[in-house]
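*Asks:* What follows is a single structure, and I will ask about it in a moment.
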Amino acid sequence: MGASVTTGLQMAAARPCIPACQRLLGSRAALPSFGRALSTQTGFASCRKTASAGPFVSLNHKRFAVRAMSAQGLPIDLRGKRAFIAGVADDNGYGWAIAKALAAAGAEILVGTWVPALNIFETSLRRGKFDESRKLPDGSLMEITKVYPLDAVFDSPEDVPDDVKANKRYAGSSNWTVKEVAETVKNDFGTIDILVHSLANGPEVKNSLLETSRKGYLAAVSASSYSFISLLQHFLPIMNPGGATISLTYIASERTIPGYGGGMSSAKAALESDTRVLAYEAGRKGKIRVNTISAGPLGSRAAKAIGFIEKMIEYSYVNAPLQKELLADEVGNTAAFLASPLASAITGSTIYVDNGLNTMGLALDSPTLST
């Protein structure tokens, strides 16, 4: 069972952080949300250049990291709740941060890890590699009750092609399709209360949409959006009424982000649309709330496959209303709120956690503003 915080979670401002132009974020996550401010021409300018962009940008700015801490106040109390987080494969991404926040609020944590990454993840846990990042606000370590092998691209054993079955990266693992994992969780624990989808993959993400193959496009949609539908299909029967589901999306669902291709923008748009439809269906069928978080850029291992994540981190810092580093914990805290009774009337919503970058319609680092 994850450690409980009897006084709940409360937000507090921590010490100023180093500007992104001096230190780029190096934590890990699944494919991130990047922002929606419009860039022009070359698009990404350094902080030095942007400081001379006229009256739009202040020369003297500080940023503060907002972290959760245990203190007296309105509590996020998830004691007695059980969460399944799909898509945790390391200790620095959004999925991990969400797991920590839920654990800090008292929830029991189960995770689903991509089969080829399972051995490394479990070995790292056993050897204490993640102990520092497992620390909760009360000083205890987050406990993961069980790690399940999972490949959410496949709904049932009948869907798994022979080449995957024969792949040595899947050797030694079993019962890892969505249907099998849901059945195993039911056999192990009976029910869950919180379902988190932290999964995304676009094999052709570096390709423009015009250069994306049908196979690559459909693979992106399958792994990044339909996987959520499949998870909810199979886990809904074992979710307690009043439970919640949370997924992670990206502003490319609404705005053009050159470089985020391969059908990933379409997949995120589908995920947000599905969030609204599933909010109705799961709400009526199981009294389950369905929301998605549109998070800002995070320098994850997966995101680095896109090729320009560090520039997007800097771009976000320069152009967002709040000029501060976006922490994975801030996304985790939002997820804990959405999973809690405090958000009991919120469903079908896309919640932006990006320092406000989604509100911007002008890129302050545009070369045109410096002339």
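From the backbone N, Cα and C atoms, a Cβ is placed for every residue, glycine too.
Feature table excerpt (Swiss-Prot):
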- 1-67: transit peptide (TRANSIT)
- Gly87, Tyr94, Asp151, Ala152, Ser198, Leu199, Leu248, Lys268, Leu298, Gly299, Ser300, Arg301, Ala302: NAD(+) binding site (BINDING)
- Tyr250: active site, proton acceptor (ACT_SITE)
- Tyr260: active site, proton acceptor (ACT_SITE)
*Asks:* Return one of helix, strand or coil for Leu248 (NAD(+) binding site), based on DSSP.
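*Replies:* Where Leu248 (NAD(+) binding site) sits, the three-state DSSP reduction gives strand.
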*Asks:* Report, in whole Å, the straight Cα-to-Cα distance of Tyr250 (active site, proton acceptor) from Leu298 (NAD(+) binding site).
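*Replies:* About 11 Å separate the Cα atoms of these two residues.
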*Asks:* Let me know how many other Cβ atoms fall within 10 Å of the Cβ of Leu298 (NAD(+) binding site).
*Replies:* 30
*Asks:* On a count of neighbouring CB atoms within 10 A, which of the active-site residues Tyr250, Tyr260 is highest?
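*Replies:* Of the active-site residues Tyr250, Tyr260, the most buried by Cβ count within 10 Å is Tyr250.
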*Asks:* Whole-number Å only: compute the distance from the Cα of Asp151 (NAD(+) binding site) to the Cα of Tyr250 (active site, proton acceptor).
*Replies:* 22
*Asks:* Express the distance between the Cα positions of Tyr260 (active site, proton acceptor) and Tyr250 (active site, proton acceptor) as a whole number of Å.
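*Replies:* Tyr260 (active site, proton acceptor) to Tyr250 (active site, proton acceptor), Cα-Cα distance: 10 Å.
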*Asks:* Sorry to bug you, but what's the C-alpha spacing from Tyr250 (active site, proton acceptor) to Gly87 (NAD(+) binding site), rounded to the closest Å?
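*Replies:* Roughly 16 Å, rounded to the nearest whole number.
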